[in-house]
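Since the structure comes first, as structure tokens, the remarks are kept for the end.
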Amino acid sequence: MASYKFKTQNSFPLLLSISFFFLLLLNKVNSTGSLSFSFPKFAPNQPYLIFQRDALVTSTGVLQLTNVVNGVPPRRSIGRALYAAPFQIWDNTTGNVASFVTSFSFIIQAPNPATTADGLAFFLAPVDTQPGDLGGMLGIFKDGSYNKSNQIVAVEFDTFSNIHFDPKGRHMGINVNSIVSVKTVPWNWTNGEVANVFISYEASTKSLNASLVYPSLETSFIIHAIVDVKDVLPEWVRFGFSATTGIDTGYVQTNDVLSWSFESNLPGGNSVASVKNAGLSTYAA
């Protein structure tokens, strides 16, 4: 089975072991093209991020993707935050493709847990990417149709089931050029709980994997799909987060990212600037 959920006391240590092993593999690759950064928390006016629409960093160091007004999330909010430097996902000269790992923690909280909308996603898109539509489009896509020219890959954490393009119930999904996911797995969202996410892409197998863990609940959700990023994405991309609240009254939630790290290697690629420790130091990879 390509995607599944499991609940076990040993699941979180297992996922950490897998993550550590994959990071070791990345570090052993003989590569001149790499990108690495770590934001244990965020800083207001963060210079290494591009903010679009409603996204901002709060005074407490939280990346708040959608609006909160007087403590309440409003409807029809959309926000995105992208890593500022373009990222070379594949090399047109050599044909090599980058492997990468990214991890982040987020909280989604709703005033009414029965009426959540719409969701949060991690995505890769063309360098000049601009916000998509509200609501169910998650700020990434313009409409529900498949379009190869979108050149987008996303992992979504969807809290509202749109009858036209979603499975029934809250879910995680992998999206390729469409809001209609190529793979989904049911997701038991928990109101106000910290979720830890680990996403990896292995270039040699074209394997995109994502796991979400609620440490306090010892519950995990895992999804996997084969995605040829060289066929889907342009050579250079930007990547980051997008989130939306619902269109209808009452269908709202917060979409807050607490921390974020990323590491990649592209054999024979170009060197790019990287940051560590929330921008306190920079280096050329």
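Keep in mind that glycine also has a Cβ here, set from the backbone N, Cα and C atoms.
Per Swiss-Prot, the features are as follows:
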BINDING   Glu156, Asp158, Asp166, His171  Mn(2+) binding site
BINDING   Asp158, Asn162, Asp166  Ca(2+) binding site
CARBOHYD  Asn92  N-linked glycosylation site
CARBOHYD  Asn147  N-linked glycosylation site
CARBOHYD  Asn188  N-linked glycosylation site
CARBOHYD  Asn209  N-linked glycosylation site
SIGNAL    1-31  signal peptide
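Overlay of Swiss-Prot annotations on the structure.
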residue : record                      : CB count, 10 Å
Asn92   : N-linked glycosylation site : 11
Asn147  : N-linked glycosylation site : 12
Glu156  : Mn(2+) binding site         : 27
Asp158  : Mn(2+) binding site         : 27
Asn162  : Ca(2+) binding site         : 17
Asp166  : Mn(2+) binding site         : 22
His171  : Mn(2+) binding site         : 25
Asn188  : N-linked glycosylation site : 14
Asn209  : N-linked glycosylation site : 21
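Only Asn188, from the recorded positions Asn92, Asn162, Asn188, Asn209, place their Cα within 10 Å of the Cα belonging to His171 (Mn(2+) binding site). Surrounding the centroid of the Cβ atoms of Asp158, Asn162, Asp166, where the record places Ca(2+), the chain contributes additional residues within 8 Å, namely Asp118, Gly119, Gly136, Phe160, Ser161, Phe165, Pro167, His171, Ile179. Nearest Cα neighbour of Asn92 (N-linked glycosylation site) among the listed recorded positions (Asn162, Asp166, Asn188): Asp166. Taking the mean position of the Cβ atoms of Glu156, Asp158, Asp166, His171 as the Mn(2+) site, the remaining residues of that chain whose Cβ falls within 8 Å of it are Gly119, Phe157, Thr159, Phe160, Ser161, Pro167, Arg170, Met172, Gly173, Ser181, Thr184, Trp187. Checked against Asn162 (Ca(2+) binding site), the recorded positions Glu156, Asn188, Asn209 differ in C-alpha distance, with Glu156 being the nearest.
Looking only at Cα atoms, Asn209 (N-linked glycosylation site) sits nearest to Glu156 among the binding-site residues Glu156, Asp158, Asp166.
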